[in-house]
Amino acid sequence: MMLAGAQIVEDSVSYRPENASVSIGANPEPQLTTQGFSKMPTRDPVDIQFTNITCTVHLGFNKGSKQILHGVNGRLRPKQLVAIMGPSGAGKSTLLDVLSGYRITGVGGVVHVNGRGRNMKRFKKMSCYIQQDDRLQGLLTVSENMVLASDLKLSIKMDKYEKGEVIEDILTALGLYEHMSTRASRLSGGQKKRLSIALELINNPLVMFLDEPTTGLDSSSCSQVVKLCRDLAQQGRTIVCTVHQPSASLFALFDQVYVLAAGNCLYQGTTKNLVPYLEGAGVPCPIYHNPADYIIELACGEYGEDKIQILTTKAENGRALSWFDDPDSMPTMEVLRKQCPLSVLKEQDPSTGNEETPRSNQRKVLIKRGFLKAKRDSTMTHLRLIVNVLVGVMLGSLFIKAGNEGSRVLENYNLLFAILMHHMMSPMMLTILTFPSEMSILSKEHFNRWYSLGSYYISITIVDLPITIVSCAVFSAIVYTMSGQPMAISRFGMFFAISLYTVLVAQSFGLMIGAVFNVVNGTFLGPTLSVPMMMFAGFGVTLRDLPPYLYWGSYVSYLRYGLEGFVGAIYGLERPKLDCNEAPICLYKYPRQFLSEVAMSPDRFWWDVLALTIFVFVLRIAAFFLLKWKLNAVR
Ligand SMILES: Nc1ncnc2c1ncn2[C@@H]1O[C@H](COP(=O)(O)OP(=O)(O)OP(=O)(O)O)[C@@H](O)[C@H]1O
C-alpha cells in the first residue's frame with residue numbers, strides 16, 4: 001500500500017496537471033480539525049513582551065514625518081490566540097510588522113522573547129509572518145506548492161515519504177486534502193488563506209503572525225480560519241492576528257484582544273474581561289451590543305475623543321496586565337529566563353545559516369519550481385518564441401537579400417541596428433513588466449527564510465536561459481538567412497553571440513529597473529534611459545563625429561559594442577568584395593570602405609564581446625544589490 005504522503009509526493013513529482021475530477025463546487029467543504037495535525041511544537045512556548053514601541057515614517061522630502069505607534073506596550077502569551085483590533089488606520093498592521101520583525105525602519109522600543117531581548121536571527125527561526133494578500137504560486141497546485149515548500153523548509157535528511165507525511169497531516173487538518181490537485185490561483189479566498197497558513201506550518205513555527213486572515217471571507221470561512229488558529233495556539237503556539245471588526249461569535253473565539261486607536265493601546269486582556277473593563281472605565285457596553293463593535297466605535301471617537309484618552313490612560317498604553325486571566329501568576333521576565341536558560345537555547349540553535357536547507361538545495365528546488373512555472377505559463381513561453389519568429393520574418397522580408405549586395409550596404413547597416421533594437425526592447429520590457437509581480441512572493445518567502453536572495457537570483461537567471469537562447473537562435477537564423485548575410489558558420493556564430501549578449505545585457509538592465517520601480521515607473525524609465533544608449537551606439541552620428549565632450553557616452557552604451565560586434569561579424573574577417581547586381585555604382589563594394597565610413601574597426605570583435613561580458617556581469621550584480629536594497633527598503 002502506498003503511503004498517502006507518498007501519494008502527494010508522487011503527484012507533484014510527476015507534475016500531473018490539475019485533476020479535473022476534483023471540483024471545489026462538487027465537494028462539500030471539509031471540516032477543519034487540528035486534531036489530525038499531529039505536529040506539536042517541539043520547543044518551549046514563547047512569551048513575548050513589548051515595551052514602548054514607536055514607529056515613525058518619513059512622508060517624503062520637506063513633508064516631515066508621521067508617528068504611527070506612540071510607545072505602545074503589551075504581552076503576547078503562549079497558547080493564546082491574540083487579536084489586534086482597531087479602526088482602519090489605527091496602526092494594527094504596523095504593530096504586527098514591528099512585532100514580527102518585518103518592519104525595521106523608524107522603529108523604537110524593545111521586544112523581549114521569553115524574558116530576553118529579542119535575537120532577531122533566533123526569533124525568525126521560530127516565527128512566521130502571513131501577510132494580508134495571499135502570496136501564493138498561483139500556477140502550481142496545492143500539493144506542488146506544499147512539496148516545493150517542504151523541500152525548502154524541511155531538513156534535506158528527511159526523505160520524500162517523511163515530508164509527504166508532514167504535508168498530508170497539514171492538508172488534512174486544514175481541510176485542503178481534497179483540493180490538493182487544484183491550482184492555487186483557482187482556490188476560493190478561504191482556501192487560499194488556509195494554504196498560506198499550511199505553507200508556513202510545514203516547519204512547525206512556534207509564533208505565527210497573521211495580518212487580517214479573515215478579510216474578504218464569508219462568516220463561515222472566517223470562523224473556520226479563526227478556529228484553526230485557535231486550535232494551533234492551544235497546541236502551544238503564540239498566534240497573533242489583526243482583525244477589523246469581528247462579529248460577536250468570531251470575537252469569542254479569540255483568547256486575548258489588543259485594541260489600538262491612533263497608535264495607542266485602549267485595552268489589553270482577555271476577550272471576556274473587555275465588558276467589565278469598559279464598565280470600570282465608565283463607558284459601559286450597552287446590553288445586546290457586540291463588545292467588539294462597541295470598542296471599535298469608541299476607538300473611532302464616535303462617543304467623543306475624550307473616551308479614547310480615558311481608555312488609553314486606564315490601559316496604561318498596554319502596560320496594565322490586570323485584565324488578563326490570573327495576572328498575578330503571570331511569570332516575570334526573570335522567571336521566564338530561568339525557565340528557558342541560555343544552555344537550552346544554545347542546544348536549540350541550529351548551527352546552519354539563516355535558512356533551513358543548504359543553498360545548493362535551495363537553488364535546485366527553485367530551478368525546479370521555475371521550470372515548472374514556465375511550463376505551466378505556456379502562453380508566455382510561446383509568445384516569446386512567436387514574437388521572435390514574427391519579427392525575424394518581418395525584418396527578413398523588409399531587408400531581403402540585402403546582406404551581400406554592395407549597393408545596399410547602408411540598408412544592411414539599418415537592419416543590424418533594427419535587430420539591435422529588437423534585442424534591446426523585447427527582453428528589457430518583458431522583465432520590467434513581469435518582475436515586479438514576483439516581488440511580493442519573493443519578499444514573503446525570503447522574509448520567512450525559505451531561501452536566500454542569492455539562491456533565488458541564480459535560479460531565475462538559469463531558468464530564463466534556455467528560452468532566451470532558443471528564441472534568440474530562432475530569430476538569428478531567420479533574419480540571417482532571409483537577409484542574405486554571408487553564409488559562413490564563423491560569421492553566424494559571431495552574429496548569434498552578439499545577439500545573445502545584447503539580450504542578456506538588456507534583460508539585466510530590465511532587472512535593475514524592475515527590482516526598484518513598479519510597472520508604471522519602470523515602463524517609462526526603461527525606454528527613456530535606452531534613448532541615450534541608442535544615441536551613443538554610433539548609428540546616425542558616427543563614433544568619429546561625436547563631440548569630444550560626449551565621447552564617454554559611447555563607452556557606457558552597450559549598444560555601441562553590439563553594433564560594432566555585428567558590423568565586425570558581417571563585414572570584418574577580411575570579407576571579400578560584395579556583389580554589385582542591383583545598381584550601376586556600388587559605393588561600398590569593398591567592406592573596408594564602409595567600415596572606415598562608419599568609423600568602425602573590423603578587428604574589435606573580441607573587445608566588443610569582452611565589453612558586453614563585463615556589462616552582463618556588472619548589471620547583473622548591480623541588479624542583485626538593488627534587489628537586496630529594495631527588499632530591505634520596503635521594510
Ligand atoms: N509608509 C507609510 N507612509 C506613510 N503613512 C503610513 C505608512 N505606513 C502606514 N502609514 C499610515 O499609518 C497608519 C496606520 O497604518 P496601518 O496600515 O498600520 O493601519 P491599520 O490599522 O492596519 O489599517 P487597516 O485596517 O485599514 O489596514 C495609516 O494612517 C497609514 O496611512
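Each residue, glycine too, has its Cβ placed from N, Cα and C.
Features as listed in TrEMBL:
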- 48-287: domain 'ABC transporter' (DOMAIN)
- 385-403: transmembrane segment (TRANSMEM)
- 415-436: transmembrane segment (TRANSMEM)
- 456-480: transmembrane segment (TRANSMEM)
- 492-517: transmembrane segment (TRANSMEM)
- 523-543: transmembrane segment (TRANSMEM)
- 555-573: transmembrane segment (TRANSMEM)
- 605-627: transmembrane segment (TRANSMEM)
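Sequence-distant contacts of the transmembrane segment (385-403) (same chain, at least 6 residues past either end, Cβ-Cβ under 8 Å): 411-412, 414-415, 418-419, 422, 426, 467, 470-472, 474-479, 481-486, 570. The list of residues near the transmembrane segment (415-436) in space but at least 6 beyond its ends in sequence, with Cβ under 8 angstroms from a Cβ of it, reads 380, 384, 387-388, 391, 395, 398-399, 402-403, 468, 472, 475, 479, 483, 499, 502-503, 506-507, 509-511, 513-515, 517-519, 522-523, 526-527, 530, 533-534, 537, 539, 559, 562-563, 566-567, 570. Summed and averaged per residue, pLDDT over the domain 'ABC transporter' (48-287) gives 91.
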